[in-house]
Protein chains: 2
Amino acid sequence: MTSQGSVGVVEPQCAHFSEPLALRSGGVLPAYDLVFETYGTLNAARSNAVLVCHALSGSHHVAGTYAGQPKSLGWWDNLVGPGKPLDTNKFFVVGVNNLGGCFGSTGPISINPTTGEAWGASFPFVTVEDWVDAQARLADRLGIDAWAAVLGGSLGGMQALAWTLRHPDRVRHGMVIAAAPQLSTENIAFNEVARQAILTDPEFHGGDYAKHGVVPTRGLRLARMIGHITYLSDDSMAEKFGRKLRHGEHKYHYGVEFEIESYLNYQGDKFAKFFDANTYLLTTKALDYFDPAFDYGGDLKAALARAKAKFFLASFTTDWRFPPARSRELVYTLLHNGRDVSYAEIDSNAGHDSFLLDEPHYHAAMRAYFANIEV
Amino acid sequence: MTSQGSVGVVEPQCAHFSEPLALRSGGVLPAYDLVFETYGTLNAARSNAVLVCHALSGSHHVAGTYAGQPKSLGWWDNLVGPGKPLDTNKFFVVGVNNLGGCFGSTGPISINPTTGEAWGASFPFVTVEDWVDAQARLADRLGIDAWAAVLGGSLGGMQALAWTLRHPDRVRHGMVIAAAPQLSTENIAFNEVARQAILTDPEFHGGDYAKHGVVPTRGLRLARMIGHITYLSDDSMAEKFGRKLRHGEHKYHYGVEFEIESYLNYQGDKFAKFFDANTYLLTTKALDYFDPAFDYGGDLKAALARAKAKFFLASFTTDWRFPPARSRELVYTLLHNGRDVSYAEIDSNAGHDSFLLDEPHYHAAMRAYFANIEV
């Protein structure tokens, strides 16, 4: 299952929506922009469109590179392209930055037109359902009545699931990868520690750090370090870093001693330079809140009864953030509702991050599933 | 296996050691105090002494209560007492606060006699082996040539193991609970995030916060919150807290929303009030460094060849910090060295914290093992 061609050089587009969006929190976003990218060509029947939803730190930049920036590869480039599992010779693929994001779509770093200042801490809480509603308007704008498929991994998978519930007639295939019907207690716990790292950073200033000309770097890097541990598996970390020492001996200091420390600090530093702290907070809350069964008194089967799509789910054996058991919960419930479900439980030692990798069986399963989608 | 009587009201003692202690780091501690408690009576043959080693946040206060403080129960009180698994009618039990600790033994908050100021950041790195050597001098002081048993859970278990290697003739039974022959990469990763939380707290001041009259509370509470997640199991958190909401509905704020958030914040706040940040840093480093095989080119079997003790090991099925597989590594290696090993793999849903609980099969195994130790 080697990857084939690239979609090549791509360029983001921006769609402005001036109609207010009512949010699940009770708030209203008066107007908003969505930044998105497309790959492939929408067919005449407008039946070959696929929406790719991103996870916590992802963006609209799913595939290809930007002009003059050969290292700017999209985050799911191994999946999307001509001849790749999600084949752009067949499908018209759309990637979109979520509301509340920090990569161009309206979010905390955007200007609030009412005040003329950045939204900052005053940006309203957004949920997975709000993202889906905002994306539905983008579908309208692009003339797409129904997606051939909506897919995503992790939080992106939750969006794919929410699409099948919120707009059941507008998605033919829901593809929910490395996700869960809701966060576990432990998932929420990790999110809360990450949030506390940001919220208690003296440079957070109640979310209005921009006004103070600072960034809560300490908090953001800790949040990312914590998150990163949960994306990897014990096995993959052991294989990659083991107990390898940077200096070959114990130095008895608080600088980098083990290679894993170097890696985590590097990941934290890198992330803190490009990601917005308010977006991080909002996004982890969207994760915490997501729970289709919540409005049904905890009855997941009743909550999923609205879905009309066919489903593809995949999980990874060493994913301890969203373990296979969480995907099976969804699979069984969908089956009990009489839905058509394909499920792949993939042997992988790469933990939650597996969904971003081109593990051969995983990509073969995705390739076969996409090949069998009629357009 | 109900717990029996209490050791009652206890009082810590302090032993001063004026002979310098050479440390594994190359440093030297010119003199030191060890605070300890004892329960039961040393027999005439001095053959019934048991040393209990503590883990990261533990202390010398293993059993009983302090006068006038009925809530000041020792951390392993369910195990130690008259008629309890570690029966003080039979054994003379010693608990000791480790060097570098913050509960009375010499550590960063103690006065460095050379400077007349608190050691703070200048306190030397201490290792598991150093703790054991310091404890050996306490044994000398108490007239104990050989311990009937040395035991501990987690980092305490590592000390028990180190005792059997460092002073093979002075320990007849090594009891290593919920431990591992060394930290995994993931263990180190969590420790490093916790340390970074403290080290980057603006009130840490390079470890000399005391001189500035402040405490790195933010960092300490984050460190504890991270740690706490790893002490529990996914299952036990789900059972205890699930997705229970504090207010019954989503409030869309960054205050406490889910009960698990309340619990973690409470644990973090509580810990930051009584634990010293430098001790936390030193102790996590002692955990990282511990690796008996390190001086043997990674050959654990060779490293353990010195041990002469009989062994008891126990692990807990949902402990993902030190999973059963890590105990089995030790069990198999000790068996290949021809040692006498008892091993109990206990079904428990309480994660790493299980070693502190009175899970019936676990306590039955401990009770039986102690009953069969000849004194």
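Backbone N, Cα and C define each Cβ position, glycine as well.
What TrEMBL lists as active site, nucleophile is B:Ser154. Other Cβ atoms within 10 Å of the Cβ of B:Ser154 (active site, nucleophile), summed over all protein chains shown, number 27. B:Ser154 (active site, nucleophile) carries neither a helix nor a strand DSSP state and counts as coil.
Neighbours of B:Asp319 (active site), defined as other CB atoms within 10 A of its CB across all chains, total 27. What TrEMBL records for B:Asp319 (among others) is active site.
Sequence-distant contacts of B:His352 (active site), defined as residues of its own chain at least six apart whose C-beta falls under 8 angstroms from its C-beta, comprise B:Ser154, B:Ala178, B:Thr230, B:Tyr231, B:Leu232, B:Ser233, B:Phe316, B:Asp319, B:Trp320, B:Arg321, B:Phe322. Taken from TrEMBL, the feature active site covers B:His352 (among others).
Taking all protein chains in view, 21 other C-beta atoms sit within 10 angstroms of the C-beta of B:Asp353 (substrate binding site). Among the features that TrEMBL reports, substrate binding site is placed at B:Arg224, B:Asp353.
Residues or ranges marked as domain 'AB hydrolase-1' by TrEMBL: B:48-357.
Annotation comment: TrEMBL describes B:Arg321 as site 'Important for acyl-CoA specificity'. B:Arg321 (site 'Important for acyl-CoA specificity') counts 24 other C-beta atoms within 10 Å of its own C-beta, drawing on all protein chains shown.
Sequence-distant neighbours of B:Arg224 (substrate binding site) (same chain, six or more apart, CB under 8 Å from its CB) are B:Ala194, B:Gln267, B:Gly268, B:Phe271, B:Ala272, B:Phe275, listed in sequence order.
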